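J.: The structure's right below; bear with me while I get my questions together.
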Amino acid sequence: MPTESGSCSTARQAKQKRKSHSLSIRRTNSSEQERTGLPREMLEGQDSKLPSSVRSTLLELFGQIEREFENLYIENLELRREIETLNERLAAEGQAVDGAELSKGQLKTKASHSTSQLSQKLKTTYKASTSKIVSSFKTTTSRAVCQLVKEYIGHRDGIWDVSVARTQPVVLGTASADHTALLWSIETGRCLVKYSGHVGSVNSIKFHPSEQLALTASGDQTAHIWSYAVQLPTPQPVADTTQVCGEDEVECSDKDEPDVDADVSSDCPTIRVPLTSLKSHQGVVIAADWLVGGKQAVTASWDRTANLFDVETAELVHALTGHDQELTHCCTHPTQRLVVTSSRDTTFRLWDFRDPSIHSVNVFQGHTDTVTSAVFTVGDNVVSGSDDRTVKVWDLRNMRSPIATIRTDSAINRINVCVGQKIIALPHDNRQVRLFDMSGVRLARLPRSSRQGHRRMVCCSAWSEDHPLCNLFTCGFDRQAIGWNINIPALLQEK
């Protein structure tokens, strides 16, 4: 009859020990649930100004915390017993070596090495468990902060720019590499107007400050001004597409992009001829914007120049030269005759047209790579973003050095600032969109998963502070724009 070896006997004992430990944990959890039942009922019976749903969530979270720490306590006790057993075994082995005892210092060294390994294991377990607890708090507190409300799907290529009309009716505009610009109903996600007057990629879209006019810039070396007239459809109930702002990421492949086999823009009216075509560039027009008042427009081009046009006559008023490489963006101040242009030459320039007789320019060298965009806030600040993975906040009154610097892990595309609350939305090459305040404090990150959010590079962001449904829009090279509802008071309160 075969006999059981000593090693097999030891393994069986260890297995029984682990099984007993597992059963004890389950029993502990079960008894803990029985213990927490009464206090929870007592707490629920107490007077409180908190809503019942919030109280219930808090009680559940505190219960999870207690269970996590109880499990950690049990594991800690078990590890301590293992340490003691190890020390005893080392002491016994020390006496058996060559029939002589090891010195106390040698035993201490061996025991210390093993103890440090077990200590590291305990720290790792503690860190993993507490991370789950912290994640639970983030998930709960962020649930009402960032919500995906609507997806706008219909373009056949990547979307470079997104903008929101400043007049009634408020519509969403998108500019795409498929040579079209589309206007959307924000509430229903339905395409209202299709503009197909360009013969190249449409790189930007901006709405007139007081009229139903759109300004688009294109790879065909022109900028077009075109008129639109839309009637908003009746809003339908919005499906619950709530997604939590969290830290979990899910990698997505290109095959997960929205299915746009059906041309949703084919049913909406198409505009093919512009009211005005602005021509003078010798390269791709990458961006365009209206000056305050809407009587002039500025364009930025890969021919290294920006041009100021009279809208009514389409005549060139000023050619803004000085950049050493292609321009990437241009932006105008909301209340003053100021223009900022950004370039691949790592600089951005501030052009001042407030005095008709003097057109001053200031050059700012705060980045080490392409400046992808620079935008004004309503006050005296400029915010610049770059491929060097930084965003810098500048004071117009003293722009020798930035007053705040935001460092990120990915190149930054066309940024946008929520004027009223001064929150910066940063779209990234790595498909993320982060929100920061003007002092550089991170407020949130919009959700991204296999089901919701952008699946490829996010190109642009745009705030709409007055719309009740969505107050932030993003677009990307996954051919879709997304409308988000950001609970700004809750966001600032969390900060």
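Cβ coordinates are placed from backbone N, Cα and C, and glycine is handled just like the others.
Just so you know, TrEMBL annotations are computer predictions that nobody has curated.
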J.: From 69-96, 181-208, 293-320, 433-460, which range did TrEMBL mark with coiled coil?
T.: 69-96
J.: Are there residues at least 6 beyond the ends of the repeat 'WD' (195-227) whose Cβ is under 8 Å from a Cβ of it, and what are they?
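T.: Tertiary neighbours of the repeat 'WD' (195-227) are 157, 160-167, 173-183, 270-279, 281-290, 292-294, 297, 299-301, 309, 311.
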J.: Using Cβ atoms and a strict cutoff of less than 8 Å, what residues sit near the repeat 'WD' (320-361) while being 6 or more residues removed from its termini?
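T.: Same-chain residues near the repeat 'WD' (320-361) but 6 or more away: 283, 286-292, 298-308, 367-376, 378, 382, 384, 386, 388, 396, 399, 414, 419.
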J.: Looking at the repeat 'WD' (364-404) alone, can you tell me the average pLDDT?
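T.: Computed over the repeat 'WD' (364-404), the mean pLDDT is 93 on the 0 to 100 scale.
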J.: How many helix, strand and coil residues does the repeat 'WD' (364-404) contain under DSSP?
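T.: Its residues divide into 0 helix, 21 strand, 20 coil.
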J.: In the repeat 'WD' (195-227), how many residues does DSSP put in helix, strand and coil?
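T.: Each residue of the repeat 'WD' (195-227) counted once, the result is 0 helix, 19 strand, 14 coil.
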